[in-house]
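Structure record follows, encoded as C-alpha cells.
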Amino acid sequence: MNLFVDRYPEEAWIVRAALASSFLALFLGGIMGLIQGLHRTGFLQIVQDSTYYTVLTLHGVSMVLLFTIYFLVGFFQWAVTDSLDRSAEDIRFTKLWYFLMVAGTVMAAAAILGGFTDATNLEADVLYTFYAPLEAHPIFYIGLVTFVIGTWLAGVDWFRSWWAWKKEHPGERTPLRAFMVMTTMLMWYLATIGVAAAILFFILPWSLGLVDSVNSLLTRTLFWFFGHPVVYFWLMPAYMMWYVILPKLAGGRLFSDPLARIVFVLFLLLSVPTGIHHQYVDPGIAEGFKFVAMTNTMFLLLPSLLTAFTVVASMEHGARQRGGTGRLGWLRSLPWNKPAFTGMALAGLMFAAAGFSGMVNAGMNLNYVIHNTLWVPGHFHLTVGTAVALTFMASTYWFLPQITGNGVFSQRLGLVQVLLWFLGMVFMGNAMHRIGLAGEPRRTAEPFYDGVTFDTALGSISELHFQIALGSVILTVSLLLFMAHLFLSWFDVASNPAPDNGVIPEALSGPENAPIVLENLRLWTAIALVLILLTYALPLASIVSANGFFGSAGTLVGTAYEFAVSPFVGVVA
Amino acid sequence: MEIHRYETIWFAASLLLIVGFIGTITYGAVGVGVEMVDDSGGTVDPDNLGSHERFGDTGVHKVNESHYEVNMIAVHPSFIPSEIEIPAGSTVTFYMTASDVTHGFKLVDSNLNTMIIPGQVSEITAEFDEPGEYGFVCHEYCGSLHHEMAGNLSVVPEDEWGGVDS
Amino acid sequence: MDSGTESASADAWDGEIETEIGHDEYDPYGTLTLIGIYFVIIALLWVFMYFVEFLGEGPTVM
C-alpha cells in the first residue's frame, strides 16, 4: 500500500485530528448560518434579535477562523510530510501546536457561547472583526492569540522539516507542495503581526482595565492589516488543491510548475499591503493612502487571473488525455461523476464569479456603492463559502482515504452533496449581491426600517429574501449530507477499500524550468516587508499622531503603561 | 522557463484589465470629481462631544444660500438627529462622529456611505438637486439594538424648507 | 525537458487515460476560448457597475 496513513501513521493522526476539528467548526458554523438566513429574512425567528449577534459571531469565527485554518494545518502537514517524504522532526512538537490551537479555540468558544446565557459574565458579541471599543471578555482575545501562536508553531514545525530536507538534498528544487506551504506561512507571519499588535498592545490591556481607552481607528487598521491576508491564508490551500490535485483528478497534469511558484510568491509579496481597501470609507486616512492600497489590490488580481488559466489548462489537458476533442467539446470528457473533481471544478467556477465582485470591492470610489451592504458577505460567501469550502469538502472525497485508510462511503452521495452546495450558493450569492446593490446593510438582525425602502432593479427585495432563505436550507441539507457521509466513511461502515491513488503526476513544465531565484524565500520576504512598510508606515504614523496610541486620556496606570510600551509599539507601527 | 504563447496573451490581457480598472477609478476621482472620505474632518475627543463647538450643536446649519452643514452624532442605537430636512438645490456637508463605538452611515439610493469611528470626524459633501425622501441606516454592528438605528433625510422644495431644526 | 518521453506514472490516474499528451504537443486553445469569454463578461460588467450603478445613481460624495 502506498497510502499516506501507512507510510506516516503519526502525521496522519494529526491530519485527521485537524480535519475533525475543522469539520466540527463547519457544522456548528453552518447551523448558525441557517438560523441567520431564516432570521434576517423574517421567515423563522427562533432567537431574540439581540441573540442574533451572538449567532453571527459564532458563525463568523467558526467559518473564517476555525473551519478554514484547522483544515489548512491538517492539509499542510500532509503536503509537507508527503512532498518532502520525511517524518515530522519531532512529533511531540507537532502535537504541541495542535493542542495549543485547541486550547485557544476552547477559550474563544467559551467566551462566545457565554453570550447565549446570562448565567456567566462571559460574552463576546463582537463579531469576528472585534472592532474596539466593542468589548469582549478578555478570555476571547487570549483564546484568539493562543490559537494564532499555535499556527505560528505549526509553521516553525514545517520550516524545520524543510531546512532538514534541504540539508540532505543540496541544490535540489523544493517540491511544489512544500514550496507553497513555506510561502503561505511566510505571508501568514507577516500578516499576523497586525492582529498580534492590535490585541497584545492595545485591546487586551484595555479589556483587562490596564488602560482606559483605545484608538479605534488604530486597532481597526491593525485588524485589517491581518484581515485581508487572512483571506489568502484560507485560499492558498484551495489553490494548492487546484494546482496539485485537480489536474490529476481530471486525468491530466499541472500545466506549469514554475507559474504556480510565481503565483505563490506574488501572494507573499502583495497579500498584506492591501488591507486598507477594507477602509476606503474610513475617516482619518488620506485618499492617497487608499489609492496606494487599491493599486496593490488590483495587482493582486494578477496571480488569481494567472491561476485561472493554468488550472483550466490543466483540466483541459486531462480531458484531452481522456479522449476529449473540439474547442469546448472536451468539457464533456471530464470526470463529472467524481465528487472530488466536480466539487472543485464548480468551486473554481464560483470563484470566477467571486472574482468579479472582488474587483468591484477593490475599486476605491466604487466602494461607496457596496461598502458594508449585503454585497460584501455575498462576495465572501462565494470565496470562502464556496471556492474554499466546496474545494475542502470535495477534496475530502479524495483525501480522506489517504489519511484514514478507508474508502469513501458512496461517490454518488458525494456527488449529490457537492451539487447541492453549489446550487444553494447560487441562490444565496445571487440574492446577497443584488440585495446589497439595493443598499440593504450586512450584519443586521432585522433589515426592516421605518421610512427606509430598498429598491431593486429587477424583481423585489422579498423575492430575494426568499432566495436567501431557500439557499440557507439547501446549504444546510448539503452540510448534513456531508457530515453524515464523513462519519460513514471515516468509520468505514461500508468497508470500501481505499483506492491506491495517492501519487501526484509531475507537471508538464517541471520545476527545473523555474528561475532559481524563486527558491530564495529570504529575498521575497524582504521585498514583502519593504512593500508593507511603504504602504503602512505613513498611514499608521498619521493615525497615531492624530489620536495617540490609546485614543483619549488614560488612567495613571494607563499612562505609565503607555510610557513603557510606546517605544515597542513605535517599532511595530 | 517555458511560457506558452497563450499564457503570454492572457498575462497581457490581465494587465490590461488591471490598468483599465485603475484607470476607471482615477477617472472617477479626477475627471468626475468623486472624493473619498479622508482625514479632512480631523479628530475629536469622543468623551466630551457636548462641549465641542460642532458636535455640541447637532442638526442642520445654514452656511449660505446654497450650502448647508449637518452635524450628527452616532450613539447606539440612534443618529442625532435622525430626521433631517434640507432644501433642494443645496450643497450639504455632513460631519459625523461617534460617542460610543464604531458605526456606519449609508444613505440609501445614493452613493453616500461612510464609517463613523470614535475620535474621528467623517466629512462628506454632496449636492441634492431634486426634492425627495431618503432613508439612512447604520451599517456597522454597534450593539444589541443595531438594527433599529436609522433615520430619514427629506429634500424639500426650496420654498417649503422650514429652516434649521432645534 | 521533453515531457513527451517522460512517463507520468500511469497509476496516477486510475487507468482512465487514452493517450498521454506532452507539453510540446498540447495547445490549450479551449482554455483560451473560455478565459476570453470570461474577460469580455468581466469588462462589460465592470462598465455597468461603474457607469450605471455608481455614477448613474443619486447624490455622490464630491
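The backbone N, Cα and C atoms fix where each Cβ goes, and this holds for glycine too.
Caution: TrEMBL annotation is automatic and unverified by curators.
Taken from TrEMBL as is:
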DOMAIN    A:19-531  domain 'Cytochrome oxidase subunit I profile'
TRANSMEM  A:12-35  transmembrane segment
TRANSMEM  A:96-116  transmembrane segment
TRANSMEM  A:136-159  transmembrane segment
TRANSMEM  A:179-203  transmembrane segment
TRANSMEM  A:223-246  transmembrane segment
TRANSMEM  A:258-278  transmembrane segment
TRANSMEM  A:298-319  transmembrane segment
TRANSMEM  A:340-360  transmembrane segment
TRANSMEM  A:380-400  transmembrane segment
TRANSMEM  A:464-488  transmembrane segment
TRANSMEM  A:523-543  transmembrane segment
TRANSMEM  A:549-572  transmembrane segment
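Residues 19, 22, 26, 63-64, 67-68, 71, 75, 78, 231, 234-235, 237-238, 241-242, 245, 249, 338-344, 346-348, 350-351, 353-354, 357-358, 406, 408, 411, 414, 417-418, 421-422, 425, 428-429, 432, 482, 486, 489-490, 501 of the same chain lie 6 or more positions beyond the ends of the transmembrane segment (A:380-400) yet place their CB under 8 Å from a CB of it. Ranked by number of Cβ pairs under 8 Å to the transmembrane segment (A:179-203), the listed stretches A:96-116, A:136-159, A:223-246, A:298-319, A:340-360 are led by A:223-246. Spatially, the transmembrane segment (A:464-488) is not adjacent to the transmembrane segment (A:136-159); fewer than three Cβ-Cβ distances between them are under 8 Å for residues at least 6 apart in sequence.
Sequence-distant neighbours of the transmembrane segment (A:96-116) (same chain, 6+ residues past either end, Cβ-Cβ under 8 Å): 14, 17-18, 21, 51, 54, 57-58, 61, 66, 69-70, 73, 122-125, 136-137, 139-140, 142-151, 153-154, 156-157. Regional average pLDDT for the domain 'Cytochrome oxidase subunit I profile' (A:19-531) in the model is 96.
Of the candidate ranges A:223-246, A:298-319, A:340-360, A:523-543, A:223-246 has the most C-beta pairs within less than 8 angstroms of the transmembrane segment (A:258-278). Same-chain residues lying 6+ beyond the ends of the transmembrane segment (A:523-543) with a Cβ under 8 Å from its Cβ atoms: 183, 186-187, 190, 215, 217-218, 221, 225, 265, 268-270, 272-274, 276, 284-286, 289, 292-293, 296, 517, 573. With a threshold of 8 Å between CB atoms, the same-chain residues lying at least 6 positions outside the transmembrane segment (A:340-360) that come near it are 238, 241-242, 245-246, 249-250, 301, 304-305, 308, 311-312, 315, 334, 366, 369-370, 375, 378-380, 382-383, 386-391, 393-398, 414-415, 418-419, 421-422, 425, 429, 433.
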